[in-house]
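Note sheet for the following structure.
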Amino acid sequence: MSDEEQSGWQLTESDPGVFTELLKTLGVPLIVDDLYSLDSDSLANLQPLHALIFLFKWVASGDSESGPGSSSGTYDPDFQGFFAHQVVNNACATLAVLNALGNIPSLPTGPQLGELVSFSTGMDPQTRGLVITSADWLREAHNTLSPPSAISLEGLNLPRKSEDAYHFVVYLPVMGALYELDGLKPHAVRHSAYSEDGEGWLKVAREVIEARINTYPMGSLEFSLLALRDDPLPTLQSKIQEAQQAGNRELEHELLSTLTNENAKRERWAFENSLRKHNHVGLVHALLMVMAKSGKLSEAEAKAKEAMKTRIEQRKARGEDMDEDD
Amino acid sequence: MPASVTNDTLLAFKAGRAFRRDGSNIVEADPAKGAILLTNGDDGLLHFIWKNRETDVSEEDLIIFPTDATFTKVDQSNGRVYVLKFSSSNQRHFFWMQDASSARDDEFANNVNGVLQDPEHPLQWGTSGSSSSSAPPAQASSSTTTSTTPAAATPGFQATPEQLDYLQTLLRAGGATTGAAEAAIPEASLVDILTPANLTPLFTNHPELVPTLFPYLPPDLPMPPSAEVVQRIIHSPQFRAAVASFDQALRTGLLGNLVRQLGLPEEAGLGIAPFLRAVQAKADRENREAGGMDTD
């Protein structure tokens, strides 16, 4: 896709901190966390859990874009829920989030998101996708966490590195069945119904996702899983107080530990997000000035030239294409 | 487009071009009769022009920023060959002197170099004692339009193996797709300069310099600025990506405006090496003004 076709949507990192910041901007009291395991204990810890997001990219060369894909489930052209096509590649992360949010019943949202969802009621997926992509406020919220274009690199005709875009697929329950929402597919995909007992929809989701992962040849896929869940922070404080009043020491300590971890995680996210939004050119210059003032710059430059020379020689020896940036 | 010798022409002299033969490292002189002109353009910039004297067409028109280019003799050639080299890019342009006599070759070359360093450079001619900014171009190129070809033109020179080696180092950049400007002296990358390994000892040995960084840190950090925070930042993938991105942008040579905002001269935006030179110059100046500092 050319830059014009990306319509001003910038590529963002697919990081829980980035997603959670977007949710905050949308006025939604949910967070996104990394999911390291699909076992029942891990999932139970994250309840209330609303959707799973599966993100992946091909690493094996020679595979076509489509790949094996999901083997189970059927297209549901009459899906009554919220499903939008991915119209702009760079918007894929935000689009996946919206496909999830639009199907969570009684979700508190900010006014703009609420309007967008109700405005698109009854639209076909393609039109809905276009509506989402043309929402300026949404695009601005999305772009906040990509590097600022104080240096606009697009106009400089720099050689493009191979794109690292992930593909996103959302799994969540809608009206008693597990649905798979993939913005690149023509329709929502309906997997089986589930019973509310025990783990409910998560049991079916686990089976479907594990089956999907197993269809890819070993080592051909880089993927991760994210969980879209209620933000635990607001209620943690009151739960701790309840445990204190009930004299339940064990629970109190467990909850305090959870609170500490959660706060540490939020601080890390806030730190990383502030770096993402920041224009670092001034800092780069200031650091070089520190090196220059302490007389270390020319030595560093000389060493860097040697490192570059070695790198080039190694590449030549391996017969690699010199066009690839380091 | 015809280029005439005008008042804005700083100097001009007869010269032909030489080109690398495709698929080899041999440089061969093109016999076309031409002239090199250095002019002050309407855009206020210095132009290095090669004009074909037979068609009166300017076939090369290069804009040159001060200190970016040099015009040097290719010593290892039989002919009177010179190369125009840029520090900001891999471009190489070869020329050979076409004036009947080689007596003034050095004179022309030295004046070209002087002007390339500084367009205000006062030209120095052997004949006239006092230098003036508009040297007599007419003297150089137009005394006769029919040059004495047999003596002046030695089209084509064959380089010996040693000469080829030297030319090869100059030309390898032209053949390579990216990376080193010259095979022997590749350009440094900011990514290899701003490494934690280089920076961490500096913070330890010069703690007084750390607060100078605070104004450039993100304004919305969830903790107050400190040396630990700076350490975290220089290790972070976001910062390292920003360094790589700036390095890439600087190599385009087009960041003249941006570097001025950093308090550096426009020439600092021509590439990595000019940028680093300008930073060092500014640091030295500030050190002097502050009454000197211990350097390690």
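Any Cβ shown, glycine's included, is placed from N, Cα and C.
Taken from TrEMBL, the feature active site, nucleophile applies to A:C92. The active site, proton donor annotation in TrEMBL covers A:H167. TrEMBL lists A:301-320 with the feature compositional bias 'Basic and acidic residues'. Under the heading domain 'UCH catalytic', TrEMBL lists A:8-230. Among the features that TrEMBL reports, region 'Disordered' is placed at A:301-326. Summarising the annotation, TrEMBL assigns site 'Transition state stabilizer' to A:Q86. Taken from TrEMBL, the feature site 'Important for enzyme activity' covers A:D182.
In the three-state DSSP classification, the residue listed as 'active site, nucleophile' falls within a helix.
A:C92 (active site, nucleophile) and A:Q86 (site 'Transition state stabilizer') are 6 Å apart (CA-CA, integer value).
Each residue contributes its Cα atom, and for A:C92 (active site, nucleophile) and A:H167 (active site, proton donor) those atoms are 7 Å apart. Under the DSSP three-state reduction, A:H167 (active site, proton donor) is assigned to strand.
For A:D182 (site 'Important for enzyme activity') paired with A:H167 (active site, proton donor), the C-alpha to C-alpha distance reads 9 Å. In the compositional bias 'Basic and acidic residues' (A:301-320), helix, strand and coil residues by DSSP number 18 helix, 0 strand, 2 coil. Here the domain 'UCH catalytic' (A:8-230) returns a mean pLDDT of 86 for the predicted model.
Least crowded of the recorded positions (A:Q86, A:C92, A:H167, A:D182), judged by neighbouring Cβ atoms within 10 Å of its own Cβ: A:H167.
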